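Structure record follows, encoded as structure tokens.
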């Protein structure tokens, strides 16, 4: 068993009386997809925020490749190898697809502080960006303005930007959201192949995708991890069933 | 009819070359003065366009840098013309009337001030950013008014324009040549900057700050550097403006001037290379010709500005090329 | 509508420029705050030109919006494009400082109808610069002199914190022989004087001197009148002038102010001026209008003797100042600033209209403190 | 410096503060509900003062003048809202700044065209003029006390309006969630016009009240506008409570700074120089205050946390 690439240790976060994250310890091992599921309001987004640096936990640690990054800023974590996609696309809508990908490449190459040569003409940036676009199938749309992309294409671009970073770990917040059945299926296939490159922490509502992809699944309810296990174990867990049904009722 | 933006830019530069030359031949020196004014205001607004158009920071206090540039020129030339020493703590100077030195001092000083204002202001965003930059502008304005040593509200008169090697700066067309060349250089730098990795990142910071962070870049630092570059350019314009008028006064720090710089950019087109240039030319022309028509020309200026906001998304460049401007 | 009509009349006048032999450039404030002063100067000036019946004088009028940079550019325009012989019109000292030195160095004559900053009267004086109104300190000095005469021993003095304000207090102190109960610099453009009034109340002053031009003076006087303090107030004419007085109202009643002109100065020129100004524009003339009128008449008197192209002769003609001033006797000192009598006036009410009445002379044939520094 | 003088200066600061509050309350409401930066708010203040001066000039009644000021400013506000402002709600701040900057130009020169370039006359009504003696022997102008009273009454009234009435519920809902009030069946555009007119009326009232002790002239609105912005930024944009606290802070800082800073400098400087330095610093005082508050709390004292 190898060491986890990403782990949280006893993470806690409260908003007033509300405990959004309650002593959460999860980990992500090389080569696996670890999915986090849970009903709305279970604290999934809050957890992701703490892992990626948008929120500071009240207590506990976030470990990236064994290193404590709890006090690091978002950009420091990104530099340390954390690649993230957003539930709601965070893209530069006035820029082209290629420019969005180049932005990621700039982060990866540490090349933002250059003032002379046009970004689009730097071969190292361009190669990296084009490669990422190629992989998600957006190569032909590279010169389209992002605002004119379809919803599905935007999700693809989100993933492409994360790819340009060549991260050591992916954190994906509902990448399937709003995709049609076909789109979901294609992305599922793509993520399936991605896990060998870097493990994926996947937050997703699309249960078909989750059960198809995840090596392990953690269930988050009211900020607490109530169960972790393989797809079959989770499916069989009465606790999980109660939590979901109880919530629905 | 839709114009390509490149042609429009070329046309504009050609116009800025041709009009003053025509004015020399037709012996209309005042036309040259007007175009010089437009070119200098454009230069100041190009500086602002870096933070406003690319970086999305609505600075309502850019007059600070314009004024600092002006006072850098005023103070240096004042000491040079009165042969009095200027004590700067560690060292003493007699001032100077040499333009390149004045420009350098203007740019360094306003860049430094921009660094500190930016450091404090960038903690805020949105309306708060607009207002805190305005507050800094007001502080400098009131400071200048009560700075008796350099004329206070009366300002400083510099009787002879400063020197530039090989040119007689008192001849309008020669001074214009200096300003025009500087504008072209700065426009070129702006274009390079906009396309460079830094420009791309800054542009991204305006549209999606979180995205910039998640690729491992620090939007704060990007914005702060942009603010400093912008301040330095506007400071340079301030020094030229002071030389055009051979005069500096606290009005260079006024919030109306900050507002006017923003107006110039919006008239032309936010984030566009030539937006400030077109805006400045149109503004100076309006000011001049409407002023001849009626004492109440501000009313008409107001109506025109209103129409530009309500119907001309993307400014004049947007109107002519059919492209919208940057969203701020 | 009246304004547009007169503006049209001016442009009609300008249109006769084809024949014009003398070109006069007037840069003054016609829009925005403070436009009233510029309009009065312009109207007074144009009235005199019209009355002269000369059609060989072209007056180019431009609005400086009270912005120094605009004023400088207009001055460039006047000199470079219009090629005017004589310039005039600037209201504000800071604009004058921006325009005048450069203009007179380009061999243009400048006749100041209002501003008289001290540098232009002293070290920075120039042979082509003539001030027809006053040196900035004059009216304040007269106020100081009046305070002595009124037997004030302890004055509370205040002015805005800018060069003209500092000059004002200096001018008052130069002539006032008593002590100061307080000396306060207010913020330029300040509208609320409660804090200062409280300080006056708490002081042991027996009189108050203030210089607060424009709206600042109106605010102060109204608030002062309402405060219940009844110490006598002295000030220069600027806050008690015809244009502004109606806005101050009862609060100004009885206040003594110093001025080199008033509409009741008894001489034929002045009587005719007041009448014709009222007839032409439908309002009482102000101090500024009288200054504009005198400036034009000085110019006309010089033009009768010499042409501006003969600069030396024209300068001599100006220096002689052989014209009938609305103020009575008028002559120039060695620094081309007026030597004139300054009066103390009191605010009174004539029917419904607030106006001033001359009390007596504050300073007789007064020159200024800077003339000695002028080396022409 | 006697304690009487200090108390008097504090009263002055309070009076200045509550008048700023009248301006700032409208500004902050308009921003809170509609998300609009209205630079032309100062023009509405000017309109109030001019309307009051005009009506007082004709009728001689101060009460009628106040009513006219409220009506004229509210009407002008409603018209501007319907013609221009409502096109700007979804526009970026930049466009709002420019458009309302344009409105300032139109209003200012338009007023000058109508009323001429000279200041107008508006005086304190006889019933309110002159000083009164407060406990402790402080003589203080009755009119200024009245202003403090009116300002505080408006503050209480606004509080009651927002907390206790149906309109208030809609306003609060509008601040939180625009879609929700549409879902509640409220006619949004009518609500917006109403809020804008209310803000305008408050500004007009301030203009008329202050006009009686200051000069009624073109351009009188802009300095107050800038101060009102300082106030709402300190208080937190959108918060009426913040506007009140901010206004009082600014009023007291400005008044007391102008008085005490020169005194402070007199301790180690020559009299005239101390006056000049002190008052120069005092004029920057509120901007320094604003800078400090924003550095400490980037969204103001009571602003929504980002």
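Glycine residues also receive a Cβ, built from the backbone N, Cα and C atoms like all the rest.
Where the annotation comes from TrEMBL, it is an automatic prediction and has not been curated.
Values in this document were obtained by computation on a predicted structure and should not be read as measured data.
So that you can see what the record holds, here are the features copied from TrEMBL:
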TRANSMEM  B:7-24  transmembrane segment
TRANSMEM  B:30-51  transmembrane segment
TRANSMEM  B:63-81  transmembrane segment
TRANSMEM  B:101-120  transmembrane segment
TRANSMEM  B:127-150  transmembrane segment
TRANSMEM  B:170-191  transmembrane segment
TRANSMEM  B:224-242  transmembrane segment
TRANSMEM  B:262-286  transmembrane segment
TRANSMEM  B:298-320  transmembrane segment
(message) Check the transmembrane segment (B:224-242) against the transmembrane segment (B:63-81) for contact, please; criterion is three or more CB pairs under 8 Å, pairs 6 or more apart in sequence.
(response) yes
(message) Test of understanding: applying the rule of at least three C-beta pairs under 8 Å (pairs 6 or more apart in sequence), is the transmembrane segment (B:30-51) touching the transmembrane segment (B:262-286)?
(response) yes
(request) Tally Cβ pairs under 8 Å between the transmembrane segment (B:170-191) and each listed stretch (B:7-24, B:127-150, B:298-320), then give the stretch with the top tally. (result) B:7-24
(message) Under 8 angstroms for C-beta pairs, at least 3 of them, ignoring pairs fewer than 6 apart in sequence. Is the transmembrane segment (B:127-150) in contact with the transmembrane segment (B:30-51) by that rule?
(response) no
(request) Between the transmembrane segment (B:30-51) and the stretches B:7-24, B:63-81, B:101-120, B:298-320, work out which stretch tops the count of Cβ pairs under 8 Å. (result) B:7-24
(message) Should anything in the same chain at least six residues away from the transmembrane segment (B:298-320) have a Cβ under 8 Å from its Cβ atoms, list it; otherwise answer none.
(response) 2-3, 5, 8, 263, 265-270, 272, 274-275, 278-279, 282, 286-287, 290
